[in-house]
Amino acid sequence: MASLSVKPGQRFTLPDWQNNSLLISADAEQQRFNSHHIRQEGRALRNETGNQAKWDEHNSRTHLKDRIATVDRWREALARCLTDIDSEIDALTKVKEAAENALQAKNLCLDVAIECLTFRESRRDIDVVRDPVEEELLKEVKVIEKTKKELQQRVDDAFRQLCLLKEARQQLSLDYRHKVEVLELDRQCMSFNPTSGNISFKVNPTRIPDGSTALSEWEQNSRCNKERAEAEMKASVDLRGAITLSIAQTNNELDAQRIAAEFALRKRIRDMEAALNELRWQEQNTLEEIAEMEEEIRQLEEDIRKRTLDLKVAHTRLETRTYRPHIELCRDQAQYGLTDEVQQLEGTIRALQQKRTESQDALDALYRQLHRIRTDIGYKTNSLQLDNKCMDTRRKLVVPVEKFEPEVDAVNRTRDLPRKSQLEL
């Protein structure tokens, strides 16, 4: 008789089978939830890190642009200063040569005076007297020797000043070259991008290089170089004026005084013209400010008029709502809103009126200042006319023509006098 074969193994119940299926489904859903959560976190992290990287790169690029602009401004300032100091060196060199020529010319005057004294030593007997001629000759020798000593001192001063100018120029030139180099490097940094072929990882790129300086120290160094060059140029301009004045004094003290007076008069005219230009500029700006202030007052008055109309509307609405009958006369939100609107409008109108008063006071002050400026312009115009008349009158002065003239005027100006009346330098 055949028998049923039973496969050996554990037998599960139907509930176990169902629980197993449910467990598998729950685990699958949990894993999908976890995967979705991780994907969302990854996407958020990618967005955050991408945006942060773009912002950091933009911030770095902005800082580089600002730095390039700052360095380029300093480079331009140093370049202008270099041009000015080169011009000043040339001008001082020419004035120094003119002083040397004038010093050399005094040798002939001294030889003539000494020769005259020597001739007079050949006098005999009673003619050997100390007469006014001898006294004048001896005085002339002393004046010439004093003049030579003064001119020699001026030449030495010019030589020392030239050394200082060249030293200051050397510092400016070195600073200028360094800024040109750093501009090239920073612009090269600006050109780098993720697709550049010459980018790579570097060893310890965030290290602070030896010899690094603070930003304030860097700026102070450039400022000191520029200020020193400007100070030396100012001293050179003053020295050129002194040298030219010393050369003029070798001929006649009166001529020197005339030159000094003309120099002061020319300077006064320049200052007066500058003051007039400044006053006219102030007058124009004041007129523009007056126009803007008047327009602002008109706008304020227009706003006051509009807010007054708005206030009338709010008052009318409030008054009209007082006629609501019986129980309808309640303090609703509309009532509170209209009340707040009235209070707000009244405060606004008061503020606008206060600002209009302040603006009117400022406008009155501007008109008073404009009157003061125009009065001062009238005074200075009259003074300038008088000074120009003085300059025209000084053209009548006749001074002798000398053999030596400096190729460059120490005050960077050319006298517009006739050739025969120019000072001999």
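Quick reminder: no glycine exception, Cβ is built from N, Cα and C everywhere.
The model shown is predicted, which means the values in this text are computed figures rather than measured ones.
Annotation comment: TrEMBL describes 134-161 (among others) as coiled coil.
Feature annotation from TrEMBL assigns coiled coil to 269-310 (among others). Long-range Cβ contacts of the coiled coil (269-310) within its own chain (Cβ-Cβ under 8 Å, at least 6 residues beyond either end) map to 341, 345, 348-349, 352-353, 355-356, 359-360, 362-363, 366-367, 369-370, 373-374, 376-377, 380-381, 383-384, 387-388, 391.
Mean pLDDT of the predicted structure over the coiled coil (342-369): 90. The coiled coil annotation in TrEMBL covers 342-369 (among others).
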Where else in the chain does the coiled coil (342-369) make close Cβ contacts, counting only residues six or more beyond its ends and a cut-off under 8 Å? 286, 289-290, 293-294, 296-297, 300-301, 303-304, 307-308, 310-311, 314-315, 318
